[in-house]
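K.L.:
Once you've had a glance at the structure underneath, I'll fire off some questions.
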């Protein structure tokens, strides 16, 4: 397991793990077997990664470990901890990511490495919008949603999930001072599909299904993906190629072929001094190729013609000793399972020194591209350029120029960009697989929707309102999302060629009850750390005791809070608020990291709008025992679910939804005075209201495709 680094509470979580949960495991026996104490991975920086010998089955079933298991599940859902294979943590570490880097993760699902990359972008928690971003791609549409779930836990405005074949992922363009330029990435993670034979210690299927054919079939795809990666890498940039296989056909053969094809444009980086403590073996320089029937071949010339479709020349080691020595294949890393009780793994770090020489098929594509526009003059011009390219071996810079010319032709596309609408790609092929995604619509500068929000929360003039977007072109905008300026640039300039599954972090949710108080949008907890630096109104500073009340009681009466908090609340109108806790250095026993919560101020109450797992996280950090509380919660959740179902059934019988919403809110407001005897509960009047509104909306659009809005609802709404 790995503690997420950008989390402001990383030190507290680590302390909690070591001093509480790990100590409880000491001298513990489960089913007659002694539980080994978890050990820190010696090569992972700052003791942030740990290993335990507990199997998943024991962890889930054993009553003695229930508390520890609950902690792991809850903190994982919050994004504070990631459970991940140890060797899988290596590639992101070797990328040496900085917050300003533009990063491409080519085969990203299920997303544990992507999560690491996002964490590295947000190394400085005081910068809400790092200049860098991560574009996470996967070819499988369903696995892309798994990727979205992983990325969402980290609440970053700098991540975009796209759905493409990595071997032909399109060149993206960005606007640089009014000019269109091809986007080159500073860092690329190329964790390619592989036979997985390095996972033989944990994956029983490998023993049953493994054949030499697996590697022979994957080699070509792996080489194409790696080639596409280095083409999109910026000069001086770094690409990490990795597999969970130990077969040289999938590893050194791919790297040596790539290095040979690059004609000196690429070199293997020497990372022997990085990650001290990691036991590794050097890459190999000699290997043979074997067929399924047991035939071995040492050289390409030995392969019979009827086998030359299965075995390719790139699978063999380089015979020229000088060339082989210059490649430095020993700089690759081979991690063997028995050396440090891990899976088997292969890693190679490539650095791009100069533009890649073009392979033969690129000039052809280069000539064909303009034909799609139907502009004969430009086609002729580009054909001339194409003939030059063939004779002169074009560089990426030349291709960039032709791409610029191509982009300027698409006047219709430009118009839609000005309107801030980034729809799904028009290509029919792209729509054959997976959901049809809703468009990404940026708020126009003069949108009347934003003025009340700006006024209500006294947003700083520097607030980047141009980066706000919704997922609907028509009807009421129900959620507002935010992306970084750099991702906005990517979205606006590439909507025609890129299938975007998800991007942006939710910052505001529509709350019809809030309109009467001056703002129809309440703050969303997942975006509060991004928004907070820009908010100058409706902030209430609370003490640690107030935070405990907010997180342990569902709808506490104002009189329960400290006198200072009560005074501050009296001056504020009803509606959405920010609750801020600042640690007191003079009280070292109290929580020593800041907390920002979204809340709602009623007539006589103050409540927090925080998902359940996040509540439990904050309470743990404050030393409050939450194990028993969770037991009660489950009962309360089932009751709440029954209430919601009952209300929805009444709605179906023909009740007026708006009247019902009003009655519900009024009833909740009337019950505020009653002291709540419940444990922390994630449901609330506003969430139930949103649920009913969701139902009404979905009934109107019964025949439409799955809406992204429904996928992005609060954790609490989904639970309710």
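Keep in mind that glycine also has a Cβ here, set from the backbone N, Cα and C atoms.
In case it helps, TrEMBL gives these features for our protein:
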type: ACT_SITE; residues: 244; note: active site, nucleophile
type: BINDING; residues: 107, 108, 109, 110, 111, 112, 113, 138, 165, 191; note: S-adenosyl-L-methionine binding site
type: COMPBIAS; residues: 379-388; note: compositional bias 'Polar residues'
type: COMPBIAS; residues: 633-650; note: compositional bias 'Basic and acidic residues'
type: COMPBIAS; residues: 657-670; note: compositional bias 'Basic and acidic residues'
type: COMPBIAS; residues: 698-707; note: compositional bias 'Polar residues'
type: COMPBIAS; residues: 708-720; note: compositional bias 'Basic and acidic residues'
type: DOMAIN; residues: 1-353; note: domain 'SAM-dependent MTase RsmB/NOP-type'
type: REGION; residues: 358-425; note: region 'Disordered'
type: REGION; residues: 633-720; note: region 'Disordered'
K.L.:
Below 8 Å Cβ to Cβ and six or more residues apart, same chain only. Which residues does that give for residue 109 (S-adenosyl-L-methionine binding site)?
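P.N.:
Residues satisfying the criterion: 138, 140, 143, 144, 146, 147.
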K.L.:
Restricting to the domain 'SAM-dependent MTase RsmB/NOP-type' (1-353), what is the model's mean pLDDT?
P.N.:
92
K.L.:
Which chain-mates of residue 244 (active site, nucleophile) that are at least 6 residues away have a CB under 8 A from its CB, listed by sequence?
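P.N.:
The answer is 85, 87, 88, 194, 196, 198, 199, 343, 344, 345, 346.
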K.L.:
Across all chains shown, how many C-beta atoms besides its own are within 10 angstroms of the C-beta of residue 107 (S-adenosyl-L-methionine binding site)?
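P.N.:
Neighbour count, Cβ to Cβ under the 10 Å cut-off: 23.
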K.L.:
Compare all C-alpha positions of 107, 108, 109, 110, 111, 112, 113, 138, 165, 191, the record's S-adenosyl-L-methionine binders, and send over the largest distance in angstrom.
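P.N.:
The span, Cα to Cα at its widest, is 20 Å.
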K.L.:
Report the same-chain neighbours of residue 111 (S-adenosyl-L-methionine binding site): residues 6+ apart in sequence with Cβ closer than 8 Å to its Cβ, ordered by sequence.
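P.N.:
Residues satisfying the criterion: 136, 146, 147, 149, 150, 151.
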K.L.:
Would you please pick out, from the binding-site residues 113, 165, the one with the fewest other Cβ atoms within 10 Å of its Cβ?
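P.N.:
Each of the binding-site residues 113, 165 was scored; lowest Cβ tally within 10 Å is 165.
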